[in-house]
Structures are given as C-alpha cells and as structure tokens.
Protein chains: 2
Amino acid sequence: MTTDFAATRALFHLPEGVIYLDGNSLGPLPRSAAARVADCVTKEWGEMLIRGWNAAGWMDQPMKQGNRIARLIGAEPDSVVLGDTLSIKVYQALAAALDMVPGRKVILSDTGNFPSDLYMAEGLCRTLGPDYRLVTVAPEDVAGAITDEVAVLMLTQVDYRTGRMHDMAALTALAHEKGAIAVWDLAHSAGALPVELAGCKADFAVGCTYKYLNSGPGGPAFIYVAPRHQDRALPALSGWLGHAAPFAFDLAYRPGAGVERMRVGTPPILQLAALEASLDIWDTVDMQALRARSVALCEAFIAGVEATCPDLALASPRDATQRGSQVSFRHPEGYAIMQALIAQGVIGDFRAPDILRFGFTPLYTSDADVEGAVAILAKIMASGSWDRPEFKARAKVT
Amino acid sequence: MTTDFAATRALFHLPEGVIYLDGNSLGPLPRSAAARVADCVTKEWGEMLIRGWNAAGWMDQPMKQGNRIARLIGAEPDSVVLGDTLSIKVYQALAAALDMVPGRKVILSDTGNFPSDLYMAEGLCRTLGPDYRLVTVAPEDVAGAITDEVAVLMLTQVDYRTGRMHDMAALTALAHEKGAIAVWDLAHSAGALPVELAGCKADFAVGCTYKYLNSGPGGPAFIYVAPRHQDRALPALSGWLGHAAPFAFDLAYRPGAGVERMRVGTPPILQLAALEASLDIWDTVDMQALRARSVALCEAFIAGVEATCPDLALASPRDATQRGSQVSFRHPEGYAIMQALIAQGVIGDFRAPDILRFGFTPLYTSDADVEGAVAILAKIMASGSWDRPEFKARAKVT
C-alpha cells in the first residue's frame with residue numbers, strides 16, 4: 001500500500017498550465033488508461049469481436065471491477081457490481097428497499113442531497129402509486145425525522161455543494177432502530193475518504209466512478225447490496241443480465257444469486273476498460289493515508305484563502321471530521337469568479353446559487369497546486385478581475 | 001449516398017481468417033473508431049478535463065448522435081436520444097406509454113420477443129402494482145390479441161432467433177384502432193433494414209447501437225418518442241439530465257422539453273465517441289440499397305446451405321419480405337455445430353434451444369464471405385466434425 005502521493009501523481013496526465021481542483025466532478029486521465037482503452041478497442045473489440053465476451057472477460061467486468069471498489073468503501077467481497085448510471089442505481093436501490101418494508105411508503109431524504117437522487121425518488125414514488133412519497137428535511141434535521149413511518153432513509157454521505165458529511169454509522173443505526181432501510185449515495189465519498197459500509201451496517205449504497213475514481217466521462221455507476229439482503233432484494237429493473245440464467249432465454253424472470261441480480265443490460269466495455277486502468281492505481285492506495293493527506297490539503301487551502309480573500313465565506317464545515325474531500329466558498333458572484341479562475345488555469349467548479357467548489361484529490365493534487373490556486377484566487381479577488389462580461393456569460397454545462 | 005459496399009467494407013477492421021456473420025450481435029470495429037476513441041480519451045478527457053462537457057460537446061452527444069440514427073429508422077428530427085441500455089429504454093417507454101392510457105393495465109407482447117424486454121415489462125408491472133400484467137401470445141396471434149383491454153403493444157420488429165419480421169404499419173394501426181400505444185424494439189432493425197417509424201405512426205421505439213450500428217461492446221441504447229407525445233410522456237426514470245434545467249439544481253423534478261426528457265444520467269462519452277465514428281459511415285448509406293444487398297446475401301446463403309446441408313432446417317421465413325437481415329437454421333446439435341464453425345473462422349452464434357444464427361450486414365459482408373461460410377458449414381455437416389467434446393462444452397456467454 002502506497003502513501004507516496006508524489007508517485008501516484010506521476011501516474012496521471014495533468015495538462016500543462018492547469019491546477020486541477022475538479023476531480024470531484026470528473027477525475028483526470030490515468031496515463032495507463034489511454035493504452036488500456038486502445039487495447040480494448042483494437043485488440044479486444046477489433047480482433048476478438050463477439051468472442052470478447054468470453055475471451056476478454058467482458059461479461060465478468062462488472063463484478064471484477066466491483067470487487068476492487070469494494071475495498072475502498074469497506075464492502076464485503078461480491079457485494080458491489082458496476083453498471084448503468086448513478087441515477088439508475090438510485091432507482092434500483094430505492095425500489096428494492098421499499099419492497100423490503102411492506103406497509104411503509106415514505107422515502108426520507110434531505111435538501112442537501114443531489115437533486116438528481118431526489119428526482120429519481122420522485123419518479124419512483126409516482127410509478128409506485130399515490131400513497132408513496134418523498135419527504136425532505138434540512139440535513140441537520142434528518143435524525144429527528146426518522147419516524148416509524150419511514151421505509152427508506154436515502155442520504156448522500158458528502159454534500160455535493162458544501163462537503164458536509166453525514167454520520168453514516170449513527171444515521172444507519174437510527175434508521176434500523178425505527179425499522180427503516182438505509183440507502184447511501186457515495187458519489188462524493190468513494191475514493192474521497194475511507195468508507196465503512198459493512199462496519200456501518202449500511203443496507204444499500206450507490207456511487208459513480210467518474211469523480212474520485214477517475215474512470216472518465218460517463219464511466220459506469222455501482223451498487224452495493226449488503227450480503228444479508230442480496231437474495232431477497234427484488235430488482236424492479238429486472239434485466240436479462242440480472243437473470244439467474246441469462247443465456248437460457250427463459251420467458252419468465254428469475255433473479256440471479258447475489259448482487260449480480262442488480263445487473264440490467266449489456267455493460268459499457270470501453271468505459272469499464274478505463275475504470276480498470278484507474279483501479280490499478282487505487283489498488284495500491286492506503287485509504288487512511290489518503291484521508292490524512294486529503295485533510296492536510298483542504299486545511300492548507302482554507303487557511304490560504306481565508307488569509308487572502310476576505311470576501312469569500314467558507315461554506316464547508318471548518319471541522320475536518322465533518323467534511324469530505326472538498327472545500328467550498330460562497331460569493332454572490334461565484335460563477336464569474338470561477339470563470340476567471342478557470343481562465344487562469346485553476347479549474348474548480350460552480351454550483352448554483354453561489355458556491356465555488358474545489359476538490360482535493362491526494363492521488364494527484366500537490367502542495368504546489370494548493371499554493372498556486374490560493375495565489376491566483378487572491379489576485380483575482382483583490383483586483384476584481386472577475387467582473388467582466390465574458391466571465392458572467394453562462395455556459396450550457398456549469 | 002453510397003451503394004458501393006465493397007467501399008464500405010474497407011472502412012471496417014475484419015480480422016484475418018475470419019468470416020464474420022455475427023454483426024447482429026456485435027458489429028465489428030470501424031477503422032476510424034480507434035482514432036476517434038483515442039482522441040476522446042487523450043485530447044478531450046486528458047486535456048480538457050471537465051471542460052469537455054462544453055468544449056468537446058459531450059453534453060450534446062446524446063441528441064446529436066440520435067439525430068443521425070433518426071434517418072436510418074425513419075424518425076423525425078429531434079425525436080431520438082441516446083443513453084443507458086436497451087433494457088432501461090424499454091422500461092422508460094413502457095412506463096410512459098402506460099401512463100398515457102389511464103384505466104388500462106395490460107402490456108401485450110409475444111413469445112418471440114427478447115426475453116429481456118419481457119423481463120423489464122414484468123419488473124415494471126410488479127412495481128406498478130397487482131393490477132398490471134404482461135400478456136404474451138405467439139407471434140402469429142398478436143393481431144387477434146389486441147383487445148380494448150390492452151394499454152401497450154410491445155413488440156420487437158425482427159425476431160432475434162428467426163429473423164421473422166412483424167408488420168409494423170399494420171400492427172401499429174391495429175393498436176391505435178383499439179386505443180393502445182405501440183412500442184417497437186428495433187434491436188434487430190436499426191441498421192438492418194429501412195425502418196419507417198414516422199410513416200408507421202409508431203408511438204415509441206427503442207434500440208441498441210452495438211449490433212448493426214457498430215458502436216462497440218456496451219454502446220448506448222436509444223429511445224424514440226413520436227413528436228406528438230414528447231411533451232406528455234412522463235419519465236418514470238426522472239433523471240437530472242432529463243430535467244428542464246439540469247444545472248439549476250432545483251429540488252423538484254420538471255421534465256424538459258421534447259425527447260431530451262428521456263435522458264437520465266451522465267452519458268457514456270467513450271462509447272458515444274465510438275458510435276460517432278460508426279455513424280460517419282452510416283451517414284453515407286442508402287437504406288434501400290442496403291436492403292436490396294441484404295436480401296441478396298441472405299438468399300444466396302439460404303440457397304447454398306439448402307443445397308449442401310440437408311440436416312439443417314431453415315428457421316427463418318423463406319419469403320424475404322417477412323425476414324430481417326439474418327438467416328437461422330435449426331439443428332438439435334446447433335451449439336456444437338456453431339462451435340465447430342467458429343473454430344474454423346466462421347463466426348455466427350447460437351440461440352437456445354437449437355438455433356444457428358447468421359447475420360448478414362451489407363456494410364462489410366462480401367459474396368466471398370457467403371460462399372466461404374457455406375463451403376465450411378457444408379464440410380462440417382458432411383464430415384460430422386462438430387461431434388467432439390470440445391465443441392459441446394458450453395461457454396459462459398453463448
């Protein structure tokens with residue numbers, strides 16, 4: 001296990017002149033991914049054609065790569081499988097969870113959750129019928145809102161805007177006390193910090209791989225189902241690759257054993273090849289060392305910005321134990337400030353209405369990145385150089 | 001528009017010593033796809049990082065590539081969008097369709113449909129509640145089974161085992177007469193033959209791109225929503241990229257305008273890059289010429305096999321107008337025969353219980369391929385060389 005983050009940095013392609021603090025939105029390219037994907041395209045698809053499903057092991061990729069992610073999130077072997085997008089995995093987890101608590105019809109979440117997760121819950125409730133509903137409360141009110149009406153507690157561990165972190169162990173225990181099922185979204189946790197799904201007795205978890213796990217744009221999502229639930233969690237999205245015998249082509253659905261029943265359709269093999277290259281790096285990473293380094297980077301950035309940018313208000317928890325691996329500041333002109341930063345090569349991102357968001361990713365963020373980002377941000381804020389029409393014009397994707 | 005299929009063949013990588021008749025399962029590699037995917041990985045992901053969503057146009061890929069597929073399937077502009085897998089798109093189409101016929105709770109399909117489509121319908125019915133059900137009849141009995149109880153008629157146009165083709169115009173008209181919605185699966189139609197979705201007044205259609213459309217293993221699926229339905233089709237899988245304003249991060253879901261509301265999560269950009277390269281070829285193809293060539297190839301194969309292999313029984317319709325772009329034969333030892341063929345470089349596939357399946361894909365199947373495949377198959381059948389243990393041992397993926 002490595003604790004040498006200068007060495008891991010060398011394994012990523014980081015463009016000249018860029019300080020990249022947006023790995024919480026899209027991780028950079030692992031150098032070896034280019035060759036891995038090229039091999040997948042030319043040697044596997046090109047030469048093996050259909051035979052690749054067996055010969056190149058394509059069919060096994062969702063479980064094989066899932067088992068590598070399992071270590072990073074404290075999951076048991078054979079409890080994580082790749083596929084689809086995070087939104088689809090949210091729908092699957094919620095549908096299976098609701099099914100396990102007959103008689104209850106409330107999904108509880110918080111207003112700090114990804115809107116996308118809330119949308120998927122809303123769509124599922126509408127599909128299930130008028131008795132089902134999604135209830136959202138403020139993040140700090142979640143614990144008090146877990147009543148015995150709640151079927152499923154659906155939370156994102158790390159808030160995508162502020163980095164504020166929920167206490168997974170405590171809230172899962174509370175949910176269980178009230179007879180509810182806990183579904184955790186790890187989009188900003190997997191690869192960001194040590195997660196202990198089994199240790200926290202989480203029931204379901206979902207996450208994506210294109211953020212901290214560096215699988216590239218549109219890389220597949222994953223779903224975790226606790227071993228104790230795997231053979232009773234009924235897939236609403238009952239696809240053929242989750243069938244007990246996909247190639248028997250039976251007319252009736254019979255869910256497969258274990259977490260593989262959460263597979264739906266044909267897995268995205270090129271994206272999985274890129275993920276595979278990234279996980280070659282992740283396999284070597286000590287998660288406790290990663291966390292220590294992440295905290296150090298975040299603390300240095302907070303200290304630097306607060307010392308030089310009095311107009312920026314810290315939006316993230318000051319206490320590192322309450323924070324994921326990102327730091328956010330608020331400013332009413334946050335959008336323009338972020339564009340000015342990007343124009344100078346410091347890439348973070350903006351989240352409506354006023355959040356400047358900076359991800360710190362020990363695998364490739366250096367101390368010099370932190371110092372450089374602080375210096376450039378300080379200069380932009382001191383000079384007011386963000387106040388220009390080209391920085392205020394909104395792009396399609398923010 | 002090209003009718004020169006020797007020229008298109010040169011645009012594909014076809015491995016030495018292989019006669020590839022399985023493009024209906026996984027299309028081969030378009031030569032330009034290797035460079036296109038490599039550019040997407042190194043120049044876009046590697047250099048642009050998160051900026052690729054705007055700068056490389058990633059966010060627009062699902063609609064942009066959808067509009068190119070639209071021509072091949074006779075769809076109106078802006079009525080096709082890429083994403084997810086075919087199974088997910090089936091679920092979306094069925095859920096939206098059921099919603100449009102309040103009071104009716106029956107999905108009608110046939111036993112020749114992809115089991116996968118039936119599984120997804122089954123899962124949706126279970127999610128919707130005990131009143132909903134999937135009814136399947138034999139393919140030839142479909143027309144008579146469209147009663148005024150049927151909410152949705154879900155059919156695959158071309159049978160994946162036999163190539164038998166449903167009459168899309170007639171069955172859609174019948175469905176409409178009875179007040180039902182027609183959902184068509186084009187998995188074995190898109191790129192296989194001219195499809196006229198708009199001409200047939202189809203309501204919804206779904207399809208995949210890794211078969212005849214050559215997008216590579218796990219390439220994304222597509223969904224078609226007729227323009228007249230687009231603004232009332234309510235997405236059950238209400239993901240953030242189908243939201244009216246994905247980057248406003250509103251807490252409540254508001255479906256976007258048009259077919260884009262059927263987008264769910266982050267699109268698979270590497271797979272879309274491969275598709276893009278393939279569509280560069282498809283953009284040049286005259287679909288009527290493709291059909292004529294497909295029929296000629298299939299007829300030649302049927303004639304050749306029937307003249308030399310008396311033990312193989314034609315499973316496909318003899319009448320070309322009733323057949324897609326594949327030819328199937330039955331034999332009780334079909335699996336072993338197919339393995340023997342593959343061992344000699346003729347790649348088709350096997351479908352349980354007894355189907356040998358051969359796809360004919362004018363873009364790269366040559367007359368010499370047909371002659372060579374017939375000659376090798378005839379030799380295997382005459383010698384009985386398929387009757388060996390190594391050909392009878394089943395692989396994981398058949």
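For all residues, glycine too, the Cβ spot is worked out from N, Cα and C.
Curation plays no part in TrEMBL annotations; they are all automatic predictions.
Feature annotation from TrEMBL assigns pyridoxal 5'-phosphate binding site to B:L86, B:S87, B:F114, B:P115, B:S116, B:D117, B:T156, B:D185, B:H188, B:Y210, B:W240, B:T266. Per TrEMBL, the feature N6-(pyridoxal phosphate)lysine maps to B:K211.
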Practice task
Other Cβ atoms within 10 Å is the metric here; tell me which of the binding-site residues B:F114, B:W240 scores highest.
Solution key: B:W240
Practice task
Name, in order along the sequence, the recorded positions among B:L86, B:S116, B:T156, B:H188, B:K211, B:W240 with a Cβ closer than 8 Å to any chain A Cβ.
Solution key: B:L86, B:S116, B:W240
Fill in the blank from the handout: Whole-Å Cα distance, B:H188 (pyridoxal 5'-phosphate binding site) to B:K211 (N6-(pyridoxal phosphate)lysine), is 8
Exercise for the section: List the Cα distance (Å, whole number) between B:L86 (pyridoxal 5'-phosphate binding site) and the residue listed as 'N6-(pyridoxal phosphate)lysine'. Expected result: 12
Practice task
Enter the number of other CB atoms within 10 angstroms of the CB of B:K211 (N6-(pyridoxal phosphate)lysine).
Solution key: 26
Practice task
Across all the protein chains here, work out how many other Cβ atoms are within 10 Å of the Cβ of B:S116 (pyridoxal 5'-phosphate binding site).
Solution key: 28
Fill in the blank from the handout: Rounded Cα distance in angstrom between B:W240 (pyridoxal 5'-phosphate binding site) and the residue listed as 'N6-(pyridoxal phosphate)lysine' is 28
Practice task
Give me the Cα-Cα distance between B:S116 (pyridoxal 5'-phosphate binding site) and B:K211 (N6-(pyridoxal phosphate)lysine), rounded to a whole Å.
Solution key: 16
Exercise for the section: Report the largest Cα to Cα distance, in Å and rounded to a whole number, among the residues B:L86, B:S87, B:F114, B:P115, B:S116, B:D117, B:T156, B:D185, B:H188, B:Y210, B:W240, B:T266 that the record lists as binding pyridoxal 5'-phosphate. Expected result: 30
Completion exercise
Counting across all protein chains, other CB atoms within 10 angstroms of the CB of B:L86 (pyridoxal 5'-phosphate binding site) number 29
Completion exercise
B:K211 (N6-(pyridoxal phosphate)lysine) -> DSSP, reduced to three states, gives coil
